[in-house]
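Everything below concerns the one structure shown next.
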Amino acid sequence: MLVLPLKTQEMPTGSFPRSPNKLPFHHNVTLTVSLSVGSPPQNVTMVLDTGSELSWLHCNSTSANSTSTRPMFNPNKSSSYSPITCSSPTCMTQTQDFPIPASCDSNQHCHATLSYADASSSEGNLASDIFDIGSSNIPGTIFGCMDSGYSSNSEEDFKTTGLMGSDFSGMLLLGNNNFTWLMPLNYTPLVQFSIPLPYYDRAAYTVKLQGIKVSNKVLPLPKSILEPDHTGAGQTMVDSGTQFSFLLGPAYNALRNEFLSQTSRLLRVLDDPNFVFQGAMDLCYLIPVNQKSLPNLPSVGIMFGGAEMSISGDKLLYRVPGETRGKDSVWCFTFGNSELLGIEAYVIGHHHQQNVWMEFDLEKSRIGFAQVRCDLASQRFGLYN
């Protein structure tokens with residue numbers, strides 16, 4: 001369940017209307033939302049990504065039936081579709097923080113290329129169209145109509161039509177509502193840099209990482225490795241588009257070693273130096289296939305200024321699909337080394353955001369955290385997906 005107010009609005013205390021701005025999401029490897037785009041509306045499924053600044057759709061502008069099995073949006077079938085010209089101010093403002101500057105295509109349309117840390121990329125033109133999200137109709141929504149690209153996870157990518165970017169420059173805002181039935185929210189300030197830095201993503205939701213602990217033991221990490229340096233490397237991003245969480249090498253190694261120490265009598269380590277899950281997760285375990293539950297594991301606490309995210313139980317280990325060793329399945333620690341991915345940042349992924357109510361309050365420049373059972377919250381909002 002996810003509630004996505006599309007703009008800041010005052011609401012009566014303890015109440016929430018059943019009609020506008022409610023949108024169920026589904027979780028498998030990514031968080032996805034279903035909506036419609038264009039006139040007449042075309043149904044699309046998009047990955048919800050708080051770490052991306054531009055929403056985009058896979059587009060197919062050919063009139064003939066495509067042989068691709070990937071779901072696509074056809075701009076030629078939408079009377080409200082409007083391409084953005086490269087001379088338009090919108091082209092400049094929407095792409096100013098992109099690593100690759102926008103360009104003009106042969107039709108003088110605004111051409112953009114997006115690249116991601118996992119080596120995925122997407123390329124196409126900026127346009128505007130009507131987005132129907134829940135019961136809200138949003139004309140003139142800017143998005144990328146992408147006709148080429150590369151995915152590092154093509155199997156999952158072919159299940160969705162595109163990506164819904166909802167970072168600082170995106171169109172979605174969760175916050176400014178008073179839900180009295182929630183546990184009290186703990187807030188941490190959002191960190192912003194006005195000066196462009198080579199390794200700092202100004203559009204990401206960035207928070208200040210103050211420490212990491214395993215059970216009640218705080219890791220002895222120097223303050224200098226938890227903060228961005230003069231190049232911007234080392235920022236901490238909250239990103240729903242990334243599945244797991246990744247830490248810079250020194251912090252990851254300290255967490256890995258302490259978790260190994262505290263679980264030495266609980267878990268059997270997979271002794272295979274050639275197996276690294278998703279290229280960055282090298283701490284994996286062997287657990288009998290027929291074992292129904294995990295042992296009582298030590299929790300991991302991610303400490304921010306004013307708030308803490310506690311990760312425990314089955315959120316700490318992930319069963320690798322299809323990976324077995326004899327009668328054992330392979331489970332990996334859900335933190336990885338970001339430097340193995342070529343990322344100079346800390347990333348808090350959506351696996352560790354499950355059953356956490358997160359309030360992105362841009363008006364007060366902060367993020368709030370509260371533990372919540374999402375199945376019960378769904379009932380509160382009349383959503384049962």
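Each Cβ is built from the backbone N, Cα and C atoms, and glycine gets one as well.
Caution: TrEMBL annotation is automatic and unverified by curators.
Per TrEMBL, the listed range annotated as region 'Disordered' is 1-20 (candidates: 1-20, 121-140, 221-240).
Under DSSP, Asp239 (active site) is assigned to coil, being neither helix nor strand in the three-state scheme. In this structure, the CA atom of Asp239 (active site) is 7 Å away from the CA atom of Asp49 (active site).
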